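Engineer: Straight out of TrEMBL:
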- CYS34, CYS39, CYS45, SER274: [4Fe-4S] cluster 1 binding site (BINDING)
- CYS60, CYS64, CYS67: [4Fe-4S] cluster 2 binding site (BINDING)
- 46-263: domain 'Radical SAM core' (DOMAIN)
- 250-271: transmembrane segment (TRANSMEM)
Amino acid sequence: MRHKPSWIKIRVPLYNEINNIKNKIRKTYLHTVCEESSCPNILNCFNEKIATIMILGNKCTRKCPFCDVLYGKTIKINYYEPFDIIKILIKLKINYIVITSVNRDDLEDGGANHFSKCIGAINRLYKHIKIEILIPDFRGKSDIAINILIKNKPTVLNHNIETIHNLYLQVKPGATYDISLNLLKQIKKYCPKIKTKSGLMVGIGENDKQLINVIKDIKTNQVDIITIGQYIAPSNFHLPIKRWVHPTSFYFYAKLCYILGFNYIASGPLIRSSYKAKNQNYGKNI
């Protein structure tokens, strides 16, 4: 694939503020998906004092070829992690937090109970803080996970479909398209007040017709918020980019999502699942 096109540009903000936030987070031994996944918006988000906290360690039990998160032996659950998150909320003075995790197929509940404890700790101490969680598919344990997650409810629950059905085996080995869609559907069924959200990445081998079908599938499963962004390979060893999608196509995707009835839409080359998540929750389309 040729070099990045002109529209893939990242504005570089002040490094002092970025390093300040990094240092505060590292003192609590927490990880951010912003750093672990090599997100292209890390400078922008850190400069705005926004970070997506990654719980349950920084090593994943799966090795998806598009992802830059480490694969390897997982660590024991840090039961002090909910309190570490509270410390970050206080230090960074934020009122909207995104919590995600690696896949933990080694745990009986896939890590759902730990998610619930983190949500519960925040809700008890800071009821005004909005919580968004970005969850894995809890492979083979989704029923258990749903029953746990609905006990301590987040404001937004996000699970990314990522790509079309035909590419799942290649892009998300270990995951299943229908199971992921059903996870979103079941959450909305049991907790209709929770806003559900999902994300797609383009440029990995899909065509627009296939992408439209996925968008329709996501809406059929009662998802409220959708994000669509360009896949950018973290390195030459990751899944290669098949095409650079022009900004006008992202505008078309957004228009389609609006027609289909999504409440909030974020569609653009550099859009990522948690990018300006606070704006998405409050209805500011990106």
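Each residue's number is its place along the chain shown, starting with 1.
For all residues, glycine too, the Cβ spot is worked out from N, Cα and C.
Unlike curated records, TrEMBL annotations are generated automatically.
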Engineer: What are the other residues, in sequence order, whose C-beta lies within 8 angstroms of the center of the C-beta atoms of CYS60, CYS64, CYS67 at the [4Fe-4S] cluster 2 site?
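Structural biologist: Those within range, site residues removed, are ARG62, LYS63, PHE66, ASP68, VAL69, TYR71, VAL102, ASN103.
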Engineer: Expressed to the nearest Å, what is the distance separating CYS67 ([4Fe-4S] cluster 2 binding site) and SER274 ([4Fe-4S] cluster 1 binding site) at their Cα atoms?
Structural biologist: 15
Engineer: Can you give me the Cα-Cα distance between CYS64 ([4Fe-4S] cluster 2 binding site) and SER274 ([4Fe-4S] cluster 1 binding site) in Å, rounded to a whole number?
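Structural biologist: Counting only the Cα atoms, the answer is 19 Å.
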Engineer: Rounded to the nearest angstrom, how far is the Cα of SER274 ([4Fe-4S] cluster 1 binding site) from the Cα of CYS60 ([4Fe-4S] cluster 2 binding site)?
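Structural biologist: The Cα atom of CYS60 ([4Fe-4S] cluster 2 binding site) is 19 Å away from the Cα atom of SER274 ([4Fe-4S] cluster 1 binding site).
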Engineer: On a count of neighbouring CB atoms within 10 A, which of the binding-site residues CYS60, CYS64, CYS67, SER274 is highest?
Structural biologist: SER274
Engineer: So what pLDDT does the domain 'Radical SAM core' (46-263) average out to?
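Structural biologist: That stretch averages a pLDDT of 92.
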